[in-house]
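According to TrEMBL:
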type	residues	note
TRANSMEM	B:17-34	transmembrane segment
TRANSMEM	B:111-132	transmembrane segment
DOMAIN	B:135-314	domain 'ABC transmembrane type-1'
TRANSMEM	B:139-162	transmembrane segment
TRANSMEM	B:182-207	transmembrane segment
TRANSMEM	B:261-281	transmembrane segment
TRANSMEM	B:293-310	transmembrane segment
TRANSMEM	B:331-348	transmembrane segment
TRANSMEM	B:422-439	transmembrane segment
DOMAIN	B:442-622	domain 'ABC transmembrane type-1'
TRANSMEM	B:445-468	transmembrane segment
TRANSMEM	B:489-517	transmembrane segment
TRANSMEM	B:562-589	transmembrane segment
TRANSMEM	B:601-618	transmembrane segment
Amino acid sequence: MKIRLLAGIFALGLAAAGCGGATVATSPSSTAPAAGSGTASASAGTVKIAINPWVGYEASANVVAYLLKNELGYQVELPEIKEQLAWEGFGTGDVDVIIENWGHPDLKKQFIEEKKVAQEAGSTGNKGVIGWYIPKWMVDEHPDITDYKNLNKYASLFKTSESGDQGQLLFGDPSYVSNEEALIKNLKLDYKVVVGGSEAALIKSAQQAQEQKKALLFYFWDPHWLFSKTDLVRVNLPAYTEGCDADPKKVACDYPEMDLDKIVSTKFAQTGGKAYELVKNFTWTNEDQNAVADDMTNNGMTGEDAAKKWIEANTAKWQAWIPK
Amino acid sequence: MSTTAVTTPSGLRLPRWAAPVGAAALFVAAYLVFQGTGTLPHDKEAPQFLAVTEFREWIDDHRNDNPLFLYFLNYVRLFVAWLYDLFLAGLHALGWPGITGVMGALAWLAGGWRVGLLALGGVSAFGVLGLWESSVETLALVAVAVLLSLAIGIPVGVWAGLSVRVRRAITPALDVMQIMPTFAYLAPLALFFHIGAPAGAIATMIYSIPPAIRITALAVSQVSPTAVEASASLGATRWQTLVKVHLPLARSTMALAINQTIMMALSMVVIASLISAPGLGGEIIRGLSRAQVGIMLPAGVAVVIMAVVLDRMMMAVAHREPHAKTGRTNLLAALALAVAGLALIPVLPKLWPENLTLNLVAEVNDAVGWAETNWYAVTTFIKDATSHALLNPLESLLTSAPWWLVALAVLTVAWRVSGPRPALVALGCLLAIALLGVWEHTMQTMTTVAVAVLVTLMIGLLLGVAAARSPRYSAVQRPLLDAAQTMPAFVYLLPALALFGTTRFTAIFASVIYAVPPVVRLVEDGIRAVPGTVVEAAVSAGSTPGQLLWKVQLPMARRAILLAANQGIVMTLAMVVVGGLVGAGALGYDVVTGFSQRTDFGMGFVAGIATVLLGVMLDRITQGADRRPSPRKRKFT
């Protein structure tokens, strides 16, 4: 009862004192400035790195988090927030860093140019590309299947209980970057997008498809550890040309190869001190990411353990990221 | 409208089956003639959706300069955030020894050594499962939500209990809140309160308020009028009567209200993690997105443990004699526990020591993997058979039928089962759904619900009848049902996902296990309520047990069975929508997409509203059972 009373009094006080109104950005937030104190012993502040739902992203986030914790003495929070919500989190203090951003020119325009709550923090060094894939055995049996023009011919192979009379195009997490609906419509393909719901659903289906020789057409992306374990072939959609994906409804071309980059909140860029420097300096290769992601998925390691293993084996690489 | 005229029970001279069969034949004929016309295919770019998306953009841009936000909503958000931080800081300050000790002490006080030990074990289990942090966050979130629910719910409930007029005014609102699938709350809340702990706490609060209001109102209104009159005639003021007579006499029922509120909050707090509320729900979502049951299972178990501990504590309070004093030994034991816990705070580490945790992720994943590979043939067969034989035909029937025909069918059935007013409400809901532009997806969701309800009722009737006929079996089944009903809905997705992957069938499976317990219970109670004299008369007239069941017990328990169907439908819908997370598609998936793709926000929002409308519609169609005597009832008596 006392707490409730106190809370009520506090609320009144809050309302009376704050005649200027409350803005969302004033919500309690974390990144205390690192204040240039040389020692990394005391907690230097909290960094919130959003976790997007695919393991490659998590690999990058865990490596950066490990270094922030153990080399610079920061607290790190890794909240699970999907891509677009994470961008919104920049404005509200829920997110400081997106460690692997896939394009999103519209969000960049909105949050970086217009609202100015976020900033770019350079490339991750990873090259990313999204595409449609099929297991290799299908190409062996039907060599012309990799041309999108022949997909309709084979649509009946891809039928499932979920896609009805059409072929199934298996999609991942609902939050992923996607032109699938538009591609199917604009290329006049007799396919239906069926949402598996997660990266894991895609991986499982791909492995089953190759091992048990089942037909599967699915959305996937590189960098990914799966390519080193399962033979997959990319379907050739009409080649990407600059600006062919400008209007999301009229897209009829493949995905571009993207330079994956890091995005940070403006506040973090200004007050993040060494943590911000480290995030900005972080850059590695697709192979590096795949190694960590593979350990996390297939070798039963937690993100932290996998990051530790990579960090112990690649001292030279990460030491270049640590701010002086 | 000619069809409705045929089905009204005016034509009693015709054989009893003539009207329904005639109506059905008419519908089939109309379907065959008009099939494929008047359909409302789904359009992702419908103007309704775009308007909502634009509205959201506007809100995002004006979150910090619109007076409504600046002076009200943002304060609410800040206040709830502050409260949450306060609780979390308090719990963190206690550390695990403190929390364990204090919880144990409270439980001991509430219900003696048994409950005390249960609480000690339960709280330690959070640590052993390796989920200490998330559990504490969930506990804080539940505490905030329950506190706010009670702070609002109890006064409103007391008021409603004292005034019949108020009760009448709020009952419809509470009805809608209770049949509203949990998912539907989230998008509007994200719109006004953004994401994170405060929005999660507010969502949870809204969900858990109805029982607080309802049961409090009931408790207060049931206080014996003689006691009230005595108090008034002794010259007590209204306030004195309320505080000294009403509230103390209603105490044990109010403990029940608090218990219900906590249980509702616990089941919502998990779903609230879809809008980034912290806690155990996050682990479950994480497991879902990685399809790793090993991550989800410990979190699910922790939620169940929390529910059981809190439930037993509150029930112990509710069942205590009004004037029973806590014995000295119990008091001492509780005190000792609390002191021990508090004294250990500085000595022991604040976080649960890692070497005491049990990491089962890999083992559980392996077990699930084993089941997947070994049962693959069976599970795939069940899944595919259901999809091809039931789901796909029914779905194409509903989506290819003209909208007006479906509307007419709904009107006819609702009129027949529940009467004209509910029928018109149901029709209104359906038309609103059509106007919202989510017709096709609503029909798909309805298909899934229909199949799930069918299975639920079959299993429910079977188990319910078995329990009613054999007291020994019933005694075994009851505790299982009790446990199943304490569990948060989300937990049921686990086994479903493990067995069937992400498909519509997964949602069906989960909703069947979710909805079966209440159905079994209602059926069992209904059959038991058949008067013994009637049963005896039938037996002495030479009925076989089978005849007794089919000719006497089931017909006479008809009301209970219809009520069970109504409950089953409402619960199934809630779960099927949550199933959007695991491949159920349609409305639930729209809601999920709405959270994750900004351009689809409008669609998700509208789908949320449509879910509510669908819930109200299905409820009205089947509510004839409990709220008014059914027109057919007289034929049985």
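The first residue you see is number 1, and the count goes up from there.
Placement of Cβ uses the backbone N, Cα and C atoms for every residue, glycine included.
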Legend entry - Contact call for the transmembrane segment (B:601-618) and the transmembrane segment (B:422-439): at least 3 Cβ pairs under 8 Å, seq gap 6+: yes
Inset, instruction - Could you give the residue numbers and ranges of same-chain residues that sit at least 6 residues beyond the transmembrane segment (B:139-162) on either side and whose C-beta is under 8 angstroms from one of its C-beta atoms? - result: 80, 83-84, 87-88, 91, 170, 197, 200-202, 204-205, 208-209, 212-221, 242, 246-247, 250, 254, 257-258, 261-262, 265-266, 268-269, 272, 277-279, 306
Legend entry - Cβ contacts under 8 Å made by the transmembrane segment (B:489-517) with residues that lie 6+ beyond its boundaries: 182, 267, 270-271, 281, 284, 288, 291, 293, 296-297, 300, 303-304, 368, 371-372, 375, 379, 382-383, 386-387, 391, 448-449, 451-453, 455-456, 459-460, 463, 481, 567-568, 571-572, 574-576, 578-585, 588
Inset, instruction - Rank B:111-132, B:293-310, B:331-348, B:422-439, B:562-589 by Cβ pairs under 8 Å to the transmembrane segment (B:445-468) and hand me the top one. - result: B:562-589
Inset, instruction - Quickly jot the same-chain residues contacting the transmembrane segment (B:331-348) by Cβ under 8 Å, restricted to those at least six beyond its ends, or write none. - result: 93-102, 104-106, 108-109, 113, 116, 120
Legend entry - Other parts of the chain folded back onto the transmembrane segment (B:562-589), taken as Cβ under 8 Å at six or more residues beyond its ends: 179, 181-184, 271, 285, 288, 417, 438, 441-442, 444-445, 448-449, 452-453, 456-457, 460, 464, 489-490, 492-493, 496-497, 501-504, 506-508, 510-512, 514-515, 518-519, 522-523, 526, 607, 610-611, 614-615, 618-619, 622-626, 630
